[in-house]
């Protein structure tokens, strides 16, 4: 994972999809990571839908591949499909990634939802430690189980394949026992299911009542990484839905709450309701909400901030302009927001409008990038952030890191 950024990148990528039987909102934030490696998929038809969240590691290549591969696969499938067919698809998609020779890996959790009368039937697949968690009649109902190396059956397979479980990780490194990709754990002489790490999906089923207050969450493990267990996530969403009907906005609040509770990972949250979502069908699918530009002199933070703009199909100049205007229009600012606004100095001249005004913000960002290198300063900021998380004096942390490099 590396040393975390000194401040989280909280730019939100909101997505809204809907039709006559589904209403779906999702959100993701980069958080403290150097790169955003999550991906997700919503595919709707008049009678069924497919929903998935993919949490990449090493890079974002495998998670992005899974989004495309599952879309391509599901477009050709007859629904309903058997459990064996869902497992076959997962294994085939994994093998195609392996055959490509590319590096990286990803977890994947997904479900097919099929409307039958006044019921919606879910067929849930899971590979890894992302989760599907439902709220049924107000009660939290987990629909997946994390695939962790210390689970007895997983440990036995890993050890049978000449692997080891150390610190609850495969060979002391990988935190999940099932994943797509991760070729270094799939080089044994056995079959696709006789490897340290496999992409065999567990499949479960659950029925929901159409047009009820039930909902389903698909979340990467970053949501739960801090002190935010399933039951509290569901309770939090229920509470937010009492005053906010925008699922993408509520999903964003889940991401923010996860950061507040200690998560240092990328965070993705999708909320699905089984009711008329025609209002979402008419809206732009993607909205980018700029987060605080709170560490402008840190190169890692700037890179991650710009990357989130790219993923939202916008520019960092446009993002900073919107953030600046939001701060200027606020009736009151927190001390942190006041400091953030001051970093723009006097801002653009009043006479600048349109593309010229946006260019001012692009130039401001470029000047920060071209400033004299402050690499040591970057590193110290991030070390201080790591020290705060570890809860030990910085001098001891530096000493321990020095011992590990000897």
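Just so you know, glycine gets a Cβ as well, placed from its N, Cα and C.
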According to Swiss-Prot, which candidate in 99, 171, 265 joins 55, 221 at the Mn(2+) 2 site: 265
For the binding-site residues 55, 265, the one whose C-beta sees the most other C-beta atoms within 10 angstroms: 55
C-beta crowding around residue 221 (Mn(2+) 2 binding site), within 10 angstroms: 22
Separation of alpha carbons, residue 56 (Mn(2+) 1 binding site) and residue 221 (Mn(2+) 2 binding site) (Å): 11
